[in-house]
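All remarks here apply to the structure that follows.
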C-alpha cells in the first residue's frame, strides 16, 4: 500500500511528525500545510499551499489528493473545529473535536472537568472581572499566584507571580491591557504548586490509553530557568523523575480518568492527550491539558517510537488502539535544544541565512525546522523559534554533549539557545540516592498490608493443637493437645498446575485456593492421616493485593473444610520472574494418624476385594494442559456458555469447579478399620493412581457403566477425539478417590460414606495380574460417555452433544453491513445445521456487520487492508486468522476486496460467494443496472465457489427473481436480497454437509441428493 497523508502546521512539531510518518512503508507521500523549509522538498515530504482555515476547500483537496488521513499539529485549528468538519465531509482526521479540545482551549472548562471527575489539580477560581480576581488573590488561604488566560495564547498565557502584588499586576495586564487578546477575557487564578513539572502524553482512541515516555520541557529563555516564558527552549525524554510506578499512577488517575470522563459526558476524546503535571509532595497534580503534541516535546518523544506511527494513528482512528499499542526504544534518551532568533520572545528579525545543516546531520543528529523558510534557494529564519537539534544517545549527558556539537555546527546571526537542557534530570540522577527495595520491584508495604488482610482469615482456621498467629518465624502444633497418643506424621506437597492459567484468564481467583488445599490433604489422606496444618507458597512478579487476597481467602476457607489450620505461608514477589497478571501456587500439608491406622494395609488386600469409587466434583486439578489445548481448538471461549447439560454457567466456571476435599467426610470411614486402601485419583488418572495402593501381582477391573460420569468429560472426549486410554490416564473420569474394602464390609462402607454426604458406587474388584500386564483395566468407558452425552427421546437415545456429527467451521468475511450475514447466522443456529460460524472478519472497523456478529456471540476480527503493502500480504493476514480458528469454509458476505490468486487457490472448493444476478449474465458490480438496461424480465442471484476470475466460479445454487414494470435499482435490489437470504444459507448447508463438492475436474459434484 502507498498512502498519502496531510499534516496541518508549520513548526518543529509538524516537521517531526512528517519525518516519522515518512519512515512508514505504508506512506508514499507526506504533505504539510503550510510547512516550513524542512518539509519543503525531501524524498517523501513536501509542502502545500492549501488553506487550512477553509475547511470545505480543505476537505475537497483531501479527496482530490486521496489523502488517507489528516494529522493536526497546533491547537488553534482543533479549537476551530477542523476535526469535526473534515470528518463530516468524509475525511479521516487525527485529533479531538472542538468540543473535546475545550480541555485546552478553555482553562475554565478544563478545571471544572477535573473537579467533576476527581482528577488531582491545583486549587483555583475563574473570574471575568479584574477587581474580583485581585480580591481573591489577596484573601485566598493558599498562594494564589498563578494567573492564566483561559483561552488559547500560543503557550504563553500563564504568569507565575512571585508575590500577591505581582499577581494582581498580571491580572491587569491580561484583562485590562489585553496582553493576550480575547484569550484573557476570562482568567483562572490558581494555587502555586511546588515541585517539578513534567509532560505526560498518550495516544487514545476514546477508550484505550497508551502512554508515551514522560518528557520535561524548558519554558524559560535563559539558562538556569531565567528570563521570560517561551514556547519551549528544549526538552528531553524520558524524564527519570517519573518512575514506572508513578507513570502508571498518572495514567490511571489522570489520563485514563480524563478519557473515561469525556466518554461519560458524551464527548469522546481521540488523538493525543497531553497532561502538564506537577510532581508535588502530595502526588502528581495537573497544571494544564493540551490536545496535541507539545513542541518541543514531540521532537524528543517520536524519535524514541519504535512502532510505525502510521499504524498507531490508523488503529487509533479505527478505535482499535488496543490491538496496536506503541512500542518504545528503551535504554536511550532523546534531548533537543531549540535555537531561537535574537529578540525572541519579543520582536525579532526574519530572513537571516542559516548554515551548517550537512555538518550537523553528519554527526548523526536530527535537525527539525520550525521558523524557517526558503529564499532564493537558501534556508532563512522566519520565526522566533527557528529549529531544534535532537540527539538520541544511551544517556542524558551524552545526548546533551552531542546536541551541543550540532548547535556549534549550525549558524545564523543572533542565534540564542540554552546549554543546560536537562539540568534538572542531571541533578536528579546525581543525587546520592540509595536504591530501595520497592524500586527494584518488591513492595514490602504492600506485603505487610496483605498480611493484615489475611490474618483474620488464617486465625479462623485455628483448631485443637494449634492457635494460628501469623508473623512469626515458624508455626507450632501440639499433637498431644490434638488428642494423639502414638502418632505418625504424614506430609504432602502439590500445586494446581495450568488450571491457574484458566483462573487468570477468567479473572476468577476465589476457588483456586481450594484446589491447592484439596490436592495436598487428599494425598495425605491416602496414608490415613488427618490433616493438621497447611502452609502455602504464592509467587508472582508484581503483587496485586486484591488477587492475592482472593486466593489466600480461598485457601483459608478450604482449610476450614479440611479441618486443618492455615499455619503460615510465603508470599514471594519476584520482579521479572513472571509476566504481569500471572502467579504460581504451591501447598504443603502435614497430617497425623495413630500408628495402627496407617494406610494402605497392603498385607490385607486380596483378590476379590471390592473397589468403591467416590464421586469427583469434575476435573479437579489434573489434565489442564490437555484441556486448554482442546478448548483452543473448539468453537468455545472460556466466557461461552458451558456445553449442554453442564449447567447454567460459563465454560470457564465449569472448568474451574474446585477439587473436592475428602478428609472431613471420609476420615471417620478410614478410621473404622474396614478400609484397606485409599487412592486419590490425581495426575495419571485412574490407570496410574490405583496401583500405588495395591500389592504387586494385583490389579483392578473397573466398569465405567457403574458410576456417574460428569458431562464435561464427555465433551472433552468428543472435542479432543481422545482415546479410552488417554481419558483414563489423564482424568479422574468422575471418580475422585477409590477405596479398597472387603466384600463383607461393602454395604456398611457405602452407607457410612453416604451418611457423610458423598456419592459412592461399587465400580470394580481386585483381581490377580500377571507381571507386565496392565494393573488397571476399565471397560465401557467410551460407551458410557456416549450415553452420558445423549438424551432419551421416544424411548431411544439420541446424541445430545458428545457424538453428533462434527459441524463445519465457517468464517464470514464482510466489509460493511454484512447483508447476508444475519441469514447465515440464523441458519447455522438451527439444531440440524451442518455448519457453525466461528469468526467474522471485516476489513473495516465499526461496521454494522460486526455488531450483528457480536450480538450473536460470534468472535470478530478487524484486519485493515490499508495497513498492508499489497493484496497478498493482506490475504496472508486473513489466512492466519482462519488457521487460528481451524476454519473449514469461508463465506464472502459483502466483502469488497478482490482476493489474491494464492489465497483463492488455497481455499479452492471451500470458499463461497453470492452474486446478485443469474450468472453467467450480468457479471461485475452493477448487475442490477445491467438487468434494467437490457430489459430482461427475470434476474436473480447465484451462490458459487470463488475462482480467480471474478464471478466465474462453479455454480452451487440459483434463485430467479422477476423484474417488475417500474422497477428501480433500489426496488430490484431489495427483492433480490430476499432471495439471497434464502439460497446463501442453503448453499452453505449443502457444502458443509458434503452434499455438494468441487470435483477434481473443477466441476460441481453432487455426492448425494437431498
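All residue numbers here begin at 1 and follow the chain in the order shown.
Using the three backbone atoms N, Cα and C, a Cβ is placed for every residue, glycine included.
Per Swiss-Prot, the feature active site, proton donor maps to 915; the stated evidence is similarity to another entry. Taken from Swiss-Prot, the feature Mg(2+) binding site covers 288, 290. The N(1)-(5-phospho-beta-D-ribosyl)glycinamide binding site feature in Swiss-Prot is assigned to 818, 819, 820, 977, 978, 979, 980. Annotated N-acetylalanine per Swiss-Prot: 2, in sequence order. For 10, 440, 796, 802, the entry in Swiss-Prot reads phosphoserine, with the evidence type a large-scale study or a structure entry. According to Swiss-Prot, the N6-acetyllysine annotation covers 350. The phosphothreonine feature in Swiss-Prot is assigned to 682; the stated evidence is a large-scale study or a structure entry. The region 'GART domain' annotation in Swiss-Prot covers 810-1010. Look at Swiss-Prot and you will find 951 tagged as site 'Raises pKa of active site His'.
Positions of the features from Swiss-Prot, shown on the structure.
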| residue | record | Cβ within 10 Å |
| --- | --- | --- |
| 2 | N-acetylalanine | 10 |
| 10 | phosphoserine | 26 |
| 288 | Mg(2+) binding site | 22 |
| 290 | Mg(2+) binding site | 21 |
| 682 | phosphothreonine | 22 |
| 818 | N(1)-(5-phospho-beta-D-ribosyl)glycinamide binding site | 26 |
| 819 | N(1)-(5-phospho-beta-D-ribosyl)glycinamide binding site | 19 |
| 915 | active site, proton donor | 25 |
| 979 | N(1)-(5-phospho-beta-D-ribosyl)glycinamide binding site | 18 |
| 980 | N(1)-(5-phospho-beta-D-ribosyl)glycinamide binding site | 23 |
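The local packing around the residue listed as 'N6-acetyllysine', expressed as other Cβ atoms within 10 Å of its Cβ over all shown chains, amounts to 14.
Of all the recorded positions in the list 2, 290, 350, the shortest Cα-Cα distance to residue 980 (N(1)-(5-phospho-beta-D-ribosyl)glycinamide binding site) is found for 2. DSSP gives residue 977 (N(1)-(5-phospho-beta-D-ribosyl)glycinamide binding site) a helix state. For residue 979 (N(1)-(5-phospho-beta-D-ribosyl)glycinamide binding site), the nearest neighbour among the recorded positions 2, 290, 682, 951, judged by Cα separation, is 951. Taking each of the recorded positions 820, 951, 977, 978 in turn and counting other Cβ atoms within 10 Å of its Cβ gives the largest count for 820. Rounded to a whole value, the Cα-Cα separation of residue 818 (N(1)-(5-phospho-beta-D-ribosyl)glycinamide binding site) and the residue listed as 'active site, proton donor' is 14 Å.
Considering only the recorded positions 2, 10, 290, 915, 951, the residue whose Cα is spatially closest to the Cα of residue 977 (N(1)-(5-phospho-beta-D-ribosyl)glycinamide binding site) is 915.
Across the fold, the C-alpha of the residue listed as 'phosphothreonine' and the C-alpha of residue 978 (N(1)-(5-phospho-beta-D-ribosyl)glycinamide binding site) stand 57 Å from each other. When the C-alpha distances from residue 820 (N(1)-(5-phospho-beta-D-ribosyl)glycinamide binding site) to the recorded positions 10, 915, 951 are tabulated, the minimum falls on 915.
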